[in-house]
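Asks: Mind having a look at this structure? Questions to follow.
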């Protein structure tokens with residue numbers, strides 16, 4: 001990358017900052033949830049919606065981001081994404097009620113949904129093909145640092161300032177990024193086909209109302225009749241999309257994708273698997289603070305080993321899959337993650353706090369192996385003409401399943417606990433114990449899906465991918 005022009009390197013820095021902002025925000029909020037609840041006068045059991053509102057908005061908006069970038073231009077959309085994300089951060093900091101905070105987080109989600117995919121598209125357009133991998137490695141590195149810094153930084157700001165600062169720190173970075181985008185980023189456009197607005201709206205309605213219905217009366221206060229109505233609307237919307245996409249070459253996501261067995265199994269496993277995994281980043285800091293009495297900063301520091309384990313495992317995951325095959329790796333890591341979740345709960349409740357960093361490091365390793373294996377399994381056998389559509393659908397499913405996972409975790413806390421749990425409550429640890437046991441069971445369920453993956457122990461993943469790209 002050293003032979004790239006200075007202007008191109010500056011543009012890559014802009015994209016990298018966007019990746020950093022988006023990835024930092026996915027983890028920095030988790031540590032602050034108990035403090036937010038106290039400040040806003042809410043039960044900690046309701047605060048999962050702060051995460052859900054952001055992640056669900058990202059899932060809904062992702063399918064439109066690439067088309068908008070091609071139609072309006074990458075500079076215009078990337079600038080808009082940064083501005084919306086920054087404004088959302090400002091409104092989050094100014095929020096005085098939970099509902100105001102949820103609306104502001106949704107605005108952040110609109111910006112976050114466009115920032116990363118449009119950033120990837122920008123790199124593709126400004127960097128020669130032979131240097132694309134090196135450029136993507138450069139711009140995604142800050143995105144890996146964000147989750148590492150997020151929990152500890154969030155805890156530090158909450159403990160020594162206030163939760164508002166986890167959003168306020170985005171504002172100067174966002175302003176600099178927006179100005180730099182206007183000054184340095186070229187506005188590439190491409191000829192686009194007509195956007196599938198009908199399909200987009202049907203999917204958006206289906207995902208949003210079903211997630212809202214899942215939150216149930218505990219979180220939303222809706223009556224059983226209203227929840228049943230939401231479920232009916234969501235199911236009808238998704239069925240209508242399936243009918244709409246049948247034999248429709250302009251559909252948002254072609255149903256031809258599901259003719260590839262590994263894609264179908266991988267997508268189903270990714271959806272179910274990330275529901276379980278999505279609970280962990282939300283539940284762990286909440287449990288450490290409310291269940292065990294850790295300070296926000298201490299709870300944030302405890303999350304760092306999990307991120308380090310995840311980053312370290314990425315270097316050898318291809319060799320692991322090549323040696324043992326997708327089916328064995330995915331079944332083993334799914335059951336292993338369930339056992340590690342139980343181990344974390346047991347060591348924490350026994351008071352063996354010195355063991356927790358090692359358990360969380362192991363959790364990060366297992367989770368990272370499973371994530372990487374699920375992603376490559378889902379996409380590896382798709383024909384070239386469906387690869388882009390399949391990748392977009394996988395990205396949307398990843399965000400949707402994470403929002404559902406956090407929603408279920410909040411629902412479990414509400415089912416087992418009272419409306420107001422606290423460190424002083426004698427029943428609090430019992431509430432968390434039942435919640436962790438339920439989570440471990442949910443995490444183990446996708447093993448039944450992965451057991452149906454063809455036995456490909458001797459299929460070399462790296463060679464297979466090189467052959468596909470060469471064709």
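Indices start at 1 and increase along the chain as displayed.
Cβ coordinates are placed from backbone N, Cα and C, and glycine is handled just like the others.
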Asks: Check for me whether Swiss-Prot puts residue 33 and residue 257 on a single side of the membrane.
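Replies: Different domain labels for residue 33 and residue 257.
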Asks: When each of 138-158, 263-283, 431-451 is checked against the transmembrane segment (342-362) for Cβ pairs under 8 Å, which one has the most?
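Replies: The stretch with the most close Cβ contacts to the transmembrane segment (342-362) is 431-451.
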Asks: As a quick check of your reading of DSSP, tell me how many residues in the topological domain 'Periplasmic' (186-196) are helical, how many are strand and how many are coil.
Replies: 0 helix, 0 strand, 11 coil
Asks: Which bits of the chain, at least 6 residues beyond where the topological domain 'Periplasmic' (186-196) starts or stops, bring a Cβ under 8 A of a Cβ in it?
Replies: 11, 64, 67, 70-76, 122, 125-126, 248, 250-252
Asks: With a cut-off of 8 Å between Cβ atoms, can you find at least three pairs linking the transmembrane segment (165-185) to the transmembrane segment (138-158)? Only pairs 6 or more residues apart in sequence count.
Replies: yes
Asks: Which stretch from 138-158, 286-306, 396-416 shares the most C-beta pairs under 8 Å with the transmembrane segment (197-217)?
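Replies: Counting Cβ pairs under 8 Å, the winner is 396-416.
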